[in-house]
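> Submitted below is the structure of interest, expressed as structure tokens.
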Ligand SMILES: N[C@@H](CCC[C@H](N)C(=O)O)C(=O)O
């Protein structure tokens, strides 16, 4: 099995192309390959598969072996992979995801290679039970959540995958390792959740740090940046066009008032290629 190591703002993936379907044991494979000490190391393994509805289908397995419905940084990496490897011949690409339908991507190319991609991430899901949370409400905005005697308030948004956005005074220095895992597995989130800690600097710029479901602290999260911008608009903190600044760099996010869709623009990079010798 050949792979390509790629990343979007340091959110890194082992990208596998050439399988007809998700291989049996993909969960165990991801756990093994994502190990940063004993293997390649990554936040997840991404399979680029054939699709009947789009140019390709993407399946993403988190580092803990769980499958995610969607991944913003991986969609940009997949777009770069299929364009740079001439598997498509247009800068308009479609990728099928299991949780957010078919996504439309427009790639920007320099010297024959994709440098950035603008992704139509679809409409955010705000209904509490659909995120899913245990809260039966049209929107879950600034809702209290208690962990270890500490009460946070969160806004819940699904971008195909669940997000719990919490505003803090200083997201950059927030102790992710203490609170991230407790919130990820909180009973209010029946399918666990990604957790974003955000500090709004002004109406067009927000600092965010993320604890990802199934991967822990990552340098960036595309769906998390989209969920944060949506949460900030719902709370009246941000304009609909805003930069979300992550540890690995910046994403430009736009929540369009007319079509209700969220658009994400950011880079994608290839790091190296290799071969996984023995899958037995
Ligand atoms: N890094 C991602 C999200 C990956 C999936 C996530 N860990 C989940 O389980 O939902 C992104 O860029 O969106």
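Yeah, the Cβs are placed from backbone N, Cα and C, and that goes for glycine too.
Unlike curated entries, TrEMBL annotations are predicted automatically.
From TrEMBL, here are the annotated features:
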- 11, 62, 72, 73, 161, 194, 212, 213, 222, 223: substrate binding site (BINDING)
- 71: active site (ACT_SITE)
- 71: active site, proton donor (ACT_SITE)
- 221: active site, proton acceptor (ACT_SITE)
> Given a 10 Å Cβ-Cβ cut-off, pick out the one of the binding-site residues 72, 222 that has the most other Cβ atoms nearby.
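Ranked by Cβ atoms within 10 Å, first place goes to 72.
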> How big is the gap, in Å, between the Cα of the residue listed as 'active site, proton acceptor' and that of residue 71 (active site), rounded to a whole number?
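One finds 8 Å between the Cα atoms of these residues.
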> Fill in the CA-CA distance, residue 222 (substrate binding site) to the residue listed as 'active site', as an integer in Å.
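With distance taken Cα to Cα, the residue listed as 'active site' is 7 Å from residue 222 (substrate binding site).
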> Between the Cα atoms of residue 161 (substrate binding site) and the residue listed as 'active site', find the distance and write it as a whole number of Å.
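Cα-Cα distance, residue 161 (substrate binding site) to the residue listed as 'active site': 8 Å.
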> What three-state class does DSSP give residue 222 (substrate binding site)?
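Residue 222 (substrate binding site) sits in a helix per DSSP.
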> Rounded to the nearest angstrom, how far is the Cα of the residue listed as 'active site' from the Cα of residue 11 (substrate binding site)?
10
> Rank the active-site residues 71, 221 by how many other Cβ atoms lie within 10 Å of each Cβ and give me the one with the fewest.
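The active-site residues 71, 221 were compared, and 71 has the fewest Cβ atoms within 10 Å.
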> What is the biggest Cα to Cα gap, in Å, among 11, 62, 72, 73, 161, 194, 212, 213, 222, 223, the residues listed as binding substrate?
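The two farthest binding residues have Cα atoms 16 Å apart.
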> I'd like the number of other C-beta atoms within 10 A of the C-beta of residue 161 (substrate binding site), please.
29
> Let's check the environment of residue 212 (substrate binding site): how many other CB atoms sit within 10 Å of its CB?
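For residue 212 (substrate binding site), the 10 Å Cβ neighbour count is 28.
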